[in-house]
Each structure stands twice: as structure tokens, then as C-alpha cells.
Amino acid sequence: MARNFLLVLLWFIVQVSSSHENGRGDQALSQIDIYAINLAQHHSAFIHVSPLVLGSQGQDTEWVNVVISNPEPSSDDWVGVFSPAKFDSSSCAPTDDKEIAPFICSAPVKYMYAKSSPDYMKTGNAVLKFMLINQRADFSFALFTGGLSNPTLVSVSNHVSFINPKAPVYPRLALGKKWDEMTVTWTSGYNIGEAVPFVEWSRKGTRSRRSPAGTLTFTRNSMCGAPARTVGWRDPGFIHTASLKDLWPNLKYTYRMGHELMNGSIVWSKNFTFKSSPYPGQDSLQRVIIFGDMGKGERDGSNEYNDYQPGSLNTTDQLIKDLKNIDIVFHIGDITYANGYISQWDQFTAQVEPIASTVPYMVASGNHERDWPDSGSFYGGKDSGGECGVPAETMFDFPAENKAKFWYSADYGMFRFCVADTEHDWREGSEQYQFIERCLASVDRRAQPWLIFIAHRVLGYSTNDWYGQEGSFEEPMGRESLQKLWQKYKVDIAFYGHVHNYERTCPIYQNQCMDNEKSHYSGAFKGTIHVVVGGAGSHLSSFSSLKPKWSIFRDYDYGFVKLTAFDHSSLLFEYKKSSNGAVHDSFTIFREYRDVLACVRDSCEPTTLAS
């Protein structure tokens, strides 16, 4: 009987924790039934794209005009953007005898309904504007009728291409394993047998240096299941990472990526700048952005059916607008919501390039990056769309010992960040639990007073509706093992995503508020403040009708958090709206070193009266 009860409980946990509201059709491209596509080209219909050559001024993004003429217009006609431009069955992966190859083997990288042009339904003529990014291959556009569920190919356009499809693009900065290191990761079409990748960099008044880059990629066979192995597959190109070492603290550096071809010529990227990290414990102004579950948007309005990540562009644009006042960003899981449609990783890195090329863009693993049955993930859902962590671990760098175990520590000036991986076991006795305790225990709080815990799923507290139904207002098994660590090592704030809203607790320990103050905390540590900040872009999650006393601020809207450390004693917390950047919730912590040392409940080792 006990065994049957345990099996039922585990099934419930998987269902609640893996699906939640996230199991919906959350990737626009997944709505297209690729296997149902048939061919019925209309001799009087045509579609034409211009300009033919893109990026002639060095751009990696360009707008194109798509002219359509269709003598039989319908409200469900749509235009798909395909890359590579040749997308018929001749490009299909080999199939066994039991599997019938579809007419088209891959999903488009984006699509738009023809009726987006106001006169299309009246005249059958339309001009659509698409924004294309350099994705290492040419493009063609296809006109379909029959909607997304029963599409029929009517006409195919000419091909267009960037002047150099292989060019190095979309740099992503990350903290290295040492405080004076910064890594640069980027994407190109150059394999190491064709060109040697490197980064050239310098600070003002010094000679430039070159750092070699390692090159990685992944293949269809690296994916765990569909759609990543099937219609969602697209060659990711080559991902290069260089480590810039021996950086001086808090100085501005200029860099660019290069590929030296076999003939000795060099293909260069644009120039970029960043500010190096402060020395651990350095007393200087330090500003941190934290959010989860942003996903991506389309500036051209394509994929317009999909309102799954309606806040994504607003969050991105607010960060770009305030970039001069940001030092580092943490995107804590559910990064792209590509869900097995590999082309969307390029789309996302292009969207965040203005941010990620300028400040370290640190990521954590979420269910939409990692989860797949029988793949070693803690949850058995299919939220990754068959990616099982591979694109996230390859496309972004982070200072983990093992990329497949997505947990790491990061030091930035007066901050210590302990980043957990909720898609692997975190409970007491696990390898990750040991890491978390080491990360929390090893920080010198005199030098780094601000101790931050980060995880994707809510291992702490949330009044989200489905956590309320589950009964404990947390990810099942979430805080039972960890709360004694947060208390013992006096974690100031714990951040989570996964739940798509904003919520802040009181300083809390074992379900009890340890401090009734709401906006100004001072003196000795009493308990960890838990913050859900998963409302950066994806569809919003509703709150439970129950509101425990520990929940002191909730917001059903899109936003992100900014932490500002003024010195070793003063920290400002701000929750900002993505729509306008306005501060909607805030508090301050003032805590001197003697307050950090002060013994509170369950936070100090046993003492002796011996002299």
C-alpha cells in the first residue's frame, strides 16, 4: 500500500511540476503541422523578396519586403520564412522503412499571416515586411493556404542571402572561473578547418591582444527527441568561446571577434565594449539585473498568433535603455522557449546582443532547456522539446565544472551568487546539495556581504495557483533540504523564475516571518527574503486566492529586479515594470559586518564556556 501511495505521489509531482501551465502550445512554430503540408502551386500566384543581398553595410540584421499576389486570397493564408532556402524533401534526414518522409522536412524560422497587409483580402495583393537575421544560410519565402493545421504550398519566392552568411555574430559575455576573466561566446559559419577563431581586445592606451577560441557545435543526433531531432532541427553553426584573462578591475575594454582564413585574410565582427569585473570585495557601485522566463519576441510582428511571450521585447528594450546603469545580468532559466526549434536560439541571441555583448549575461537551466524523459533530468516532462540541455549548454558559457550539471558560483565585487540547477536533484545527500553548501559556506562575508541564491523552479515560497493547489506553496520537495542552509549561511535573498509573475516574501524561516518590516531591513540577519521574478516575458501565471502572511507583495505583470550595492553595508532592491521601467516595489538592507556575524536562530555553530 505504501509503495502504491508513493508511486501516485511521484506521478502527481511530475504532472504538477513539469506541466503546470507550461505544457500549452508555447512555441509558435509548433502549431504548424509540417507533416500535413501538401503541394498545390498556383500558376497565377507569386511571391517575391527584395533586396536580394543583405548586410552590404556590415549589418547582421536587415528588413526585407515580401510582395505577394494571389488570385484566391483566404484569411488563413500565411507566409513562412525558410532557411536554408531549399526546404523540400530532398533535404530530409534519412528515414527507416516504417517512416514516410514529409514533403517539407523542417519548420520555417518564422511566419506571418498574409492578411497582416490590410488590402490582401480585397485584392489578393500584399506587401509584408520581415526582419531577417544572419543565420549562416540563404532564405526563401513560401505562401501557404489552409492555415497552420492543413497547409498547402501555393508559391515559393526567389532566394536572398546575407553578403557573408558565415560572419561572426551575436557575442555573449560571461564571467570566467576567475574574477579577472571574461569569456566571449559567439556564433559563426566557420569550422576550425576553414578559419581560426579568436578575439582581439585591449583597454585604452594599450596594445591589443589576441585570445584563441575553442569551437563547439552539436548535431541532430545530439538531440533527445522530437521536434529537436525532426522538423525543429536546424544546423546551429559553430559556437566559439574565448577567455580574456588578466583583466584589470573595473576598466573598459574594446573587443572584436575574428576568423583568420587559410589564405591569411581575417573576417572581423563589429567592435564591442565591456567593463571588467570588480575585484571580489571591491567597494564600488555594483548593479545587478535578475529575471527569468523571458523568451523572445518578433519585432516584425511575425508568429503573431503566439502571445506566449508578450513581455519579452519590453523587458529587452528596458534593459537596453538603461544599459549604462547595469553591470551584470542573470537570466535564471527558460531562456528562449525554443522547445526543440533550434533556429530560435539564433533569434534569441540576436535579440539580446545589445545587452549580452556589453555586460556578462549569466544563465541558469530551466525546464524548457533541460527536461526530457529518460535523459537524466530530475523531472520526466518534455518541456525542452527534445533539446535535453544541449543548446543551452553550448550556446552560453558559464563557470560550471561540468556544463551538463548546470550549477555554479559567481563572484562579482561585493556579491556572491550561488546558482542552482533545479532540473537535477538538489536534495540533501545529492551532489548538487554538496555544491550548494560549499558555495554558501566558502564566501568571506566581510569582503562579500551580499549572498544571493538563484534557482529556476521555486525552491522557496510562491503563492502561485498551482503551488497553492499542491498545498505547500513551493516546488514539491523544494525547501525541505535547503532552508537550513539558507538560514545557517544567512542568505540575503533567494531568487526564482518558473512562475510567471512577481512575488516577495518577508524574511522567512520554516514558514514563519522573522521580521515584520516591509521596506527597510537593518541589523542582524533574521531570515532569507524569497523573490519570484519569472515575469520577464512569458504568459503570466495566476496567484492562489490564498495569501499567507509571509507574502507581502505580489504583482501580476511583467518585470525584472535590479539590485544596487552601494557599499558593504547598503543594498537597494527594486522591482521594475517591463512596460515603462518604473519601480513598483523596493526595499533596502543596511547591515554592518557585526550584524552579519551576529548569531540568530539556527545560524551559528555551538559555543563553549571554556577559556
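Each residue, glycine too, has its Cβ placed from N, Cα and C.
Annotation comment: Swiss-Prot describes 1-18 as signal peptide, evidence class sequence analysis.
Taken from Swiss-Prot, the feature N-linked glycosylation site applies to ASN263 (among others). The Cβ neighbour count for ASN263 (N-linked glycosylation site), using a 10 Å radius and every protein chain shown, is 6.
The feature N-linked glycosylation site is assigned by Swiss-Prot to ASN271 (among others), with sequence analysis given as support. Taking a C-beta cut-off of under 8 Å and a sequence gap of six or more, ASN271 (N-linked glycosylation site) has these contacts in its own chain: THR254, TYR255, ARG256.
Residues annotated as Fe cation binding site in Swiss-Prot: ASP293, ASP334, TYR337, HIS500. Under DSSP, TYR337 (Fe cation binding site) is assigned to coil, being neither helix nor strand in the three-state scheme. A sphere of 10 angstroms centred on the C-beta of TYR337 (Fe cation binding site) encloses 27 other C-beta atoms.
If you look up Swiss-Prot, you'll see ASN314 (among others) marked as N-linked glycosylation site, on the strength of sequence analysis. Classification of ASN314 (N-linked glycosylation site) by DSSP places it within a helix. Counting Cβ atoms from all protein chains shown, ASN314 (N-linked glycosylation site) has 21 others lying within 10 Å of its own Cβ.
Swiss-Prot lists ASP334, ASN367, HIS456, HIS498 with the feature Zn(2+) binding site, giving similarity to another entry as the kind of evidence.
Other Cβ atoms within 10 Å of the Cβ of ASN367 (Zn(2+) binding site) number 27 in total over all chains. According to Swiss-Prot, the substrate binding site annotation covers ASN367, HIS498, VAL499, HIS500, on the basis of similarity to another entry.
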Take the Cβ of ASP293 (Fe cation binding site) and count every other Cβ within 10 Å, whichever protein chain it belongs to.
32
What are the non-local neighbours of VAL499 (substrate binding site), defined as same-chain residues 6+ apart in sequence with CB under 8 A from its CB?
VAL458, SER462, ASN464, TYR467, VAL532, GLY534, SER541
About how far apart, in whole Å, are the alpha carbons (Cα) of ASN263 (N-linked glycosylation site) and ASP293 (Fe cation binding site)?
44
Taking the residues ASN367, HIS498, VAL499, HIS500 listed for substrate, what is the greatest CA to CA distance in Å, to the nearest whole number?
13
For the C-alpha pair, I'd like the distance in angstrom between ASP293 (Fe cation binding site) and ASN314 (N-linked glycosylation site), rounded off.
13
Whole-number Å only: compute the distance from the Cα of HIS500 (Fe cation binding site) to the Cα of ASN314 (N-linked glycosylation site).
15
